[in-house]
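Student: Questions regarding the structure given below will be posed in turn.
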Amino acid sequence: MTSEKLPLPADGQRDEAEPGLGLEQEITMETARDGWDSKVEYFLAQVGFSVGLGNVWRFPYLCHQNGGGAFILLYVLLMVLVGLPLFFLELAAGQSIRQGSIGVWRHISPKLVGIGYSSCVVCFFVALYYNVIIGWSIFYLGSSFKYPLPWENCPTEGNRTVKECAASSPTAYFWYRKALDITDSIDETGEFNLIITGCLLAAWVIVCLAMYKGIKSTGKVMYFSSVFPYVVLLCFLIRGVTLDGASEGIRFMFYPRLEIWADVQVWRQAATQVFFALGLGFGSVIAYSSYNPRNNNCHRDAFTVSGVNFMTSVLATLVVFAVLGFRAKTIATECVKRNMNALSEAMSSTPFPDLLINASEVEDMTLNEYEHWYRTQGQQLSIPGYNITACSLEEELKQGVEGTGLAFIAFTEAMTLFPGSPFWSVLFFLMLLNLGLSTMFGTMAGILTPLTDTFKTLRNHKFLFTACSCAVGFLIGLMFTQRCGNYFVTMFDDYSATLPLIMVVIFQTLSVAWVYGADRFLEDLKRMLDRPVPVVYKYLWKYVCPIAMLGLLGASLLKMILERPTYIAWNREKASKEVLPYPGWALGVLSTLIAIAFLPVPIGYIHYLLLERFSQSPADTEAGYMPCATTDLTPLDTLPPSGGDPSSFSPFLQENQDTHLQNGHIEHFESSRV
């Protein structure tokens, strides 16, 4: 908020209008925080933040690895019982208190202000590595304008194919050697990758330009960044279902295996995906909803955004496995042809009278026929100079379906098989770029909004603060552009956010349900929404959600304790991936990240106790901290015309309230600044 002083009238006028005001007093008017220009902007922002890269490459992988359709049922169950209530809680808290995460938890209890700061720290960690992924997308987007695509064929040295590429694949070689130029382990740092560094700089510049005016500029960008990915997904779906092998891929994807429900780790993975899919604990949901008018139906928004998020995950899964099914069938079919040609060549010199398959009819042979023959006879054959291998569609579908392996290796390889492959590649990486940016905007809002709400100096220099935040993010992010940078991205992704965010959400839920009181909060929501909120939320917030989150925290901690943290490295000599344990110093780094992210919670509590002990108000220690708006907005057309005369404000000033202009409304709350 910014303060504006109204000019005082002449003495006579003052006496008539405001007899109680002294000569030295001035009327201070404070303009309120920004608001969304329309409900559409807000909805696109929330959807854009919650629907990110994880919906495209993490959800399909988990669904594939953990029982297909059975995992989806488990995901929906946890979404309804845990995800949706917690998402509604954050929406309602932000909208009712109208502050960022720091102000919200300070409002509920000054002892809990550390929760908001912890959310800011986690958002900063996530922003550091998330923008690197956006930088990779920019690099691949630029490379997609070449024909043929640079990852379509292996390069040559003289008359020979590069050994590393020949032993792996053109797409894997381009990713690990050309894009990342990766080292063999995290212990080998290597020099900076200048191209990726430039792409990272471009990503931060885009974020800064989109956010320099806060939600006023971000909201406009969302019209494209949130909608365009759906256009691309629909294009890929229409193209994908027409490909040979798409039905096999989709059938393989959704075949239910209910026995996985007995595995505790599957529940952990499903809960973690629900947790991150909705963006719980980041403070971004709170920040976005705090710009809403108080009578906005946030209960309906919770259902709508959660539903769109889930349907997007399912849509992305259909697209991914339609395309990967085509890729897998193409590779498996080529494998069958290669083996049958080798068998025919071997039979020309050494006949096999008892062969159970006709090697000359390779064009008419199905994958099922070949797999049956290989299991019954082919794997027992020993032909000198020839290697007859298995050709399995299922095994091919398992290759490279997680994270960067899906986006930058498996999917790029599939697109090289499309007619007009550069066009599809441009669409795909432009989609990844927009998915990443819309999530990045929300992540940065989780940092900027609570800090500018809390500190007047930052609020008065919002553009400078945004630019400096982006500059610091770029400078620290240079660690990810080293040749070993991909390993640090993996470390941050796996450990810097998961445990701290789970703990933050546990404290958030306990704060509202037990410290503030679930009944009291529901009454607040009833007054705010002008309709009762189902009482079932009381029991979900007080019992179901805390127990579920504590179970998730326990399972995650046990996994870390019982299994030494590992990462996937690329071995240049073997031209293959290998799983390596983190060295001791790396374990120290990831432990430090977890500690730094969570430390604000106990520090905030101790800080409050110390201030209370020395009889100092916690609010006094935060320069420029403003009270939260707690009343509805008054339409501008209900105000009397002022005509520049400050006496026209007296009916509102007599109630000892501040008045704030916001999007055609006057926002007022109890104060004593007259």
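Keep in mind that glycine also has a Cβ here, set from the backbone N, Cα and C atoms.
Found this in TrEMBL, in case it helps:
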- Gly48, Val51, Asn55, Asn309, Leu435: Na(+) binding site (BINDING)
- 1-20: region 'Disordered' (REGION)
- 72-93: transmembrane segment (TRANSMEM)
- 114-141: transmembrane segment (TRANSMEM)
- 192-212: transmembrane segment (TRANSMEM)
- 221-241: transmembrane segment (TRANSMEM)
- 270-291: transmembrane segment (TRANSMEM)
- 303-324: transmembrane segment (TRANSMEM)
- 423-451: transmembrane segment (TRANSMEM)
- 463-481: transmembrane segment (TRANSMEM)
- 501-518: transmembrane segment (TRANSMEM)
- 539-562: transmembrane segment (TRANSMEM)
- 582-606: transmembrane segment (TRANSMEM)
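Help me picture where these features are in the structure shown.
Tutor: Annotation for Asn55 (Na(+) binding site): same-chain Cβ neighbours under 8 Å, separated by at least 6 residues, are Ala277, Asn309, Thr312, Ser313, Ala316, Leu435.
Long-range neighbours of the transmembrane segment (114-141) within the same chain, counting only residues 6 or more positions beyond its ends whose Cβ lies under 8 Å from a Cβ of the stretch, are 53, 100-106, 179, 195-196, 199-200, 202-204, 206-207, 281-284, 404, 408, 412, 425-426, 429-430, 432-433, 436-437, 439-440, 443-444, 446-447, 450-451, 473, 476-477, 480-481, 485, 488-489, 492-493, 496-497, 500-501, 503-504, 507-508, 511, 593, 596-605, 607.
Within its own chain, the transmembrane segment (192-212) is flanked in space by residues 131-132, 134-136, 138-139, 179-181, 218, 221, 437, 440-441, 444-445, 448, 462-463, 466-467, 470-471, 473-474, 477-478, 480-483, 485, which lie at least six positions past its ends and keep a Cβ under 8 Å from the stretch.
Within its own chain, the transmembrane segment (423-451) has Cβ neighbours under 8 Å at 45-46, 48-53, 55-56, 99-103, 116, 119-120, 123-124, 126-127, 130-131, 133-134, 137-138, 140-141, 144-145, 149, 203, 206-207, 210-211, 214-215, 218, 221-222, 224-226, 228-229, 232-233, 235-236, 239, 279, 282-288, 290, 407, 411-412, 415, 458, 462, 465-466, 469, counting only residues six or more beyond its boundaries.
Nonlocal intrachain contacts for the transmembrane segment (463-481), taken as residues 6+ away from its ends with a CB within less than 8 angstroms of a stretch CB, comprise 124, 127-129, 131-132, 135, 192-193, 196-197, 200-201, 204-205, 207-208, 211-213, 444, 447-448, 451-452, 488-489.
With a threshold of 8 Å between CB atoms, the same-chain residues lying at least 6 positions outside the transmembrane segment (539-562) that come near it are 78, 81-82, 85-86, 89, 264-265, 267-268, 271-272, 275, 498-499, 502-503, 505-506, 509-510, 512-514, 518, 521.
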Student: Given the Na(+) site residues Gly48, Val51, Asn55, Asn309, Leu435, which other residues of that chain have a Cβ within 8 Å of the mean position of their Cβ atoms, reported in sequence order?
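Tutor: Going along the sequence, the neighbours appear as Val47, Phe49, Ser50, Gly52, Ser226, Pro229, Thr312, Ser438, Thr439.
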Student: Please determine which of the binding-site residues listed here (Val51, Leu435) has the lowest count of neighbouring CB atoms within 10 Å.
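Tutor: Candidates: the binding-site residues Val51, Leu435. Fewest Cβ atoms within 10 Å: Val51.
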Student: I'd like the number of other C-beta atoms within 10 A of the C-beta of Gly48 (Na(+) binding site), please.
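Tutor: Gly48 (Na(+) binding site) is surrounded by 26 other Cβ atoms within 10 Å.
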Student: Is it true that the transmembrane segment (221-241) and the transmembrane segment (303-324) have 3 or more Cβ pairs under 8 Å, skipping pairs fewer than 6 apart in sequence?
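Tutor: Contact confirmed: at least 3 Cβ pairs fall under 8 Å.
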Student: Which of 72-93, 303-324, 501-518, 582-606 has the most Cβ pairs closer than 8 Å to the transmembrane segment (270-291)?
Tutor: 72-93
Student: Examine the transmembrane segment (72-93) against the transmembrane segment (501-518) and state whether at least 3 Cβ pairs sit under 8 A, considering only residue pairs 6 or more apart.
Tutor: yes
Student: Taking the Cβ of Asn309 (Na(+) binding site) as centre, how many other Cβ atoms lie within 10 Å?
Tutor: 24
Student: Residue list, the transmembrane segment (501-518) vs rest of chain: Cβ under 8 Å, 6 or more residues beyond ends.
Tutor: 86, 89-90, 93, 105, 108-109, 112, 115, 118-119, 122, 275-276, 280-282, 537-538, 541-542, 545-546, 549-550, 552-553, 556, 598, 601
